[in-house]
Amino acid sequence: MTKETETTCSFCGKSQDEVGKLIAGVDGYICGECIDLCHDLLHDEETREQQSAEEAVETEEKLPTPHEIRAHLDDYVIGQDYAKKVLAVAVYNHYKRLRSNHGIADVELGKSNILLIGPTGSGKTLLAETMARMLNVPFAMADATTLTEAGYVGEDVENVIQKLLQNCDYDTEKAQRGIIYIDEIDKITRKSENPSITRDVSGEGVQQALLKLIEGTVASIPPQGGRKHPQQEMLRVDTSKILFICGGAFAGLDRVVQKRIHKGSGIGFDAEVKGKEDEVSLTDLLKQIETEDLIKYGLIPEFIGRLPVVAPLSELDEKALVQILTEPKNALTKQYQALFGLENVELEFTPEALNAMAKKALERKTGARGLRSIVEGALLDTMYDLPSLEGLVKVVVDEAVINEHSAPKLEY
């Protein structure tokens, strides 16, 4: 005769002798130890959900107003008041949309992707970077001239999403709240207003490839930067939640706008002699940009439709460049002074030197971007010798250092 079957816990398999009590269910038993374990697991899950909810509420509370966004941009970017205001409103509306969509019935809020138009070194990239840093969201940057359609040699447009994922350790939720800045967007314009019969791999074709990405699609991205293959599990990223900012110099676009405004007046834009007063009006001219102007320039209508917010930036003058050198929180002169301070040496730039640097940047037509190379060139030899110079107290950079490549004055 066989031994009577011993009653055991259906979860852990322990006998009644080992656990003391078993609670009977319809088709099985559970012991006190397993009940405690289940309770702990459920409690941990509840705690995690509560923490996530609290973090979400905390994040929502931290969404800065357009005034606060503008004030923060003022700390790091000189001038460009109109562009800052446009950006502040667009960014606020975008993140408000993400946080409020679940509570809006029968209304779908559109995306506020942004097009920045301004000359080299006017602050387009800095504005985008500063906003991402302020909002504490992932940021990625791409150069439109390196992008090609899928299947061609070059960088696939979806690689832009991969860069964003890399910058937030492949956390898709974080990536979907990020900002992507695509520079040199004016370099992928088509060469004529008529659709091309031949394939345009790096121009109109790239605009077409970017369309869905910018408007909103679910992109499949290989994990950890691998290549796509059929059996691979992909990361799915909803790009409708990502804010896209496109920037470009759009040289000559002002002529297109001027031609439209003064159509039939018989006065050619090229015939005008532009003085200082006219230069101010060029910024106002770019505020009047319409879709037809961008189409004439070479952007396709569908692409323009995905960038509803247009923010023009003005060219920086000498005064603005001097302010950029000295006033922002991370101003170039402050950075180099901090660097010299690590060697217990004071670094001084004379007002004449600052003006000379600004003039040189204007001559090179590099805007604020060219200032760092000018300062670096002026201080290279001094920085090379600095750790070896005992007793050095102060370094003075004057106008001669910038214009005549003289050595800075050393004070011991």
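Heads up, the Cβ atoms here are built off N, Cα and C, so glycines get one too.
Take the CB of C34 (Zn(2+) binding site) and look out to 10 A: across all protein chains shown you find 18 other CB atoms. What Swiss-Prot lists as Zn(2+) binding site is C9, C12, C31, C34.
Feature annotation from Swiss-Prot assigns ATP binding site to P119, T120, G121, S122, G123, K124, T125, L126. Long-range neighbours of L126 (ATP binding site) (same chain, six or more residues apart, CB within less than 8 Å of its CB): Y76, V77, A368.
The feature domain 'ClpX-type ZB' is assigned by Swiss-Prot to 1-50. Model confidence over the domain 'ClpX-type ZB' (1-50) stands at 78, taken as the mean pLDDT rounded to a whole number.
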Inter-residue Cα distance where the pair is C31 (Zn(2+) binding site) and T120 (ATP binding site), in Å:
72
When secondary structure is assigned with DSSP, how many helix, strand and coil residues does the domain 'ClpX-type ZB' (1-50) contain?
23 helix, 8 strand, 19 coil
Spatially, which candidate from the binding-site residues C12, C31, C34 is nearest to T125 (ATP binding site), comparing Cα atoms?
C34
Rounded distance in angstrom between the Cα atoms of G123 (ATP binding site) and C12 (Zn(2+) binding site):
64
Nearest to P119 (ATP binding site) by Cα, among C9, C12, C34 (binding-site residues)?
C34
Rounded to a whole number, how many Å is the Cα of C34 (Zn(2+) binding site) away from the Cα of G121 (ATP binding site)?
65
Radius 10 Å, atoms counted are CB only; among the binding-site residues P119, G121, G123, which position scores highest?
G123
